[in-house]
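Working notes, structure below.
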């Protein structure tokens with residue numbers, strides 16, 4: 001598991017179950033349920049680099065769409081509406097992507 005040593009498997013499973021239905025994803029609830037919002041800045045950065053699949057230093061829209069699959073390979077893709085809402089919540093500088101500092105603020109929101 002990509003988040004081994006950062007998040008507990010049972011917390012991840014519970015969070016994924018809560019947003020299994022289309023259009024039910026809420027990033028605040030998800031980060032709280034997986035326990036990421038209570039983690040240290042270092043652990044949040046580690047999580048960012050797992051989600052940044054192309055190692056560009058940013059989480060782009062296509063990576064956000066597949067966000068849940070970072071936590072479990074069988075998880076669903078986010079809907080377009082969920083992806084756009086997630087991006088707009090995290091992209092504080094309007095560049096169309098989420099940097100590591102923006103991600104940390106989003107997790108702690």
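In case you wondered, yes, glycine gets a Cβ from its N, Cα and C as well.
These figures come from a predicted structure and were not determined experimentally.
Here's what Swiss-Prot has on this protein:
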type: DOMAIN; residues: 39-74; note: domain 'EF-hand 1'
type: BINDING; residues: 52, 54, 56, 58, 60, 63; note: Ca(2+) 1 binding site
type: DOMAIN; residues: 78-109; note: domain 'EF-hand 2'
type: BINDING; residues: 91, 93, 95, 97, 102; note: Ca(2+) 2 binding site
Check: Given residue 56 (Ca(2+) 1 binding site) and residue 91 (Ca(2+) 2 binding site), what distance in Å do their CA atoms have, once rounded to a whole number?
Finding: 15
Check: Which of the binding-site residues 93, 95, 97, 102 has its Cα closest in space to the Cα of residue 58 (Ca(2+) 1 binding site)?
Finding: 97
Item checked: Spatial neighbour of residue 93 (Ca(2+) 2 binding site) that is closest, considering only the binding-site residues 52, 54, 60, 63 and their CA atoms -> 60
Check: If one measures from the C-alpha of residue 60 (Ca(2+) 1 binding site) to the C-alpha of residue 102 (Ca(2+) 2 binding site), what distance in angstrom results, rounded to a whole number?
Finding: 12
Check: Once near-sequence residues are set aside, which residues in the chain of residue 97 (Ca(2+) 2 binding site), 6 or more away, have Cβ atoms under 8 Å from its Cβ?
Finding: 58, 59, 60, 61, 87, 91
Next item on the list: Sort residue 58 (Ca(2+) 1 binding site) into helix, strand or coil using the DSSP assignment.
Entry: strand
Next item on the list: Starting from the Cβ centroid of 91, 93, 95, 97, 102, which together make up the recorded Ca(2+) 2 site, report each further residue of the same chain whose Cβ lies within 8 Å of that point, ordered by sequence.
Entry: 58, 90, 92, 94, 96, 98, 99
Check: Around residue 95 (Ca(2+) 2 binding site), how many other C-beta atoms are within 10 angstroms of its C-beta?
Finding: 10
Checklist line | Integer Å distance between the CA atoms belonging to residue 52 (Ca(2+) 1 binding site) and residue 102 (Ca(2+) 2 binding site) | finding: 13
Notebook entry, point to check: Residues with Cβ closer than 8 Å to the Cβ of residue 54 (Ca(2+) 1 binding site), same chain and 6+ apart in sequence?
Noted result: 60, 63
Notebook entry, point to check: If one measures from the C-alpha of residue 95 (Ca(2+) 2 binding site) to the C-alpha of residue 52 (Ca(2+) 1 binding site), what distance in angstrom results, rounded to a whole number?
Noted result: 16
Check: Could you give the mean pLDDT over the domain 'EF-hand 1' (39-74), rounded to a whole number?
Finding: 96
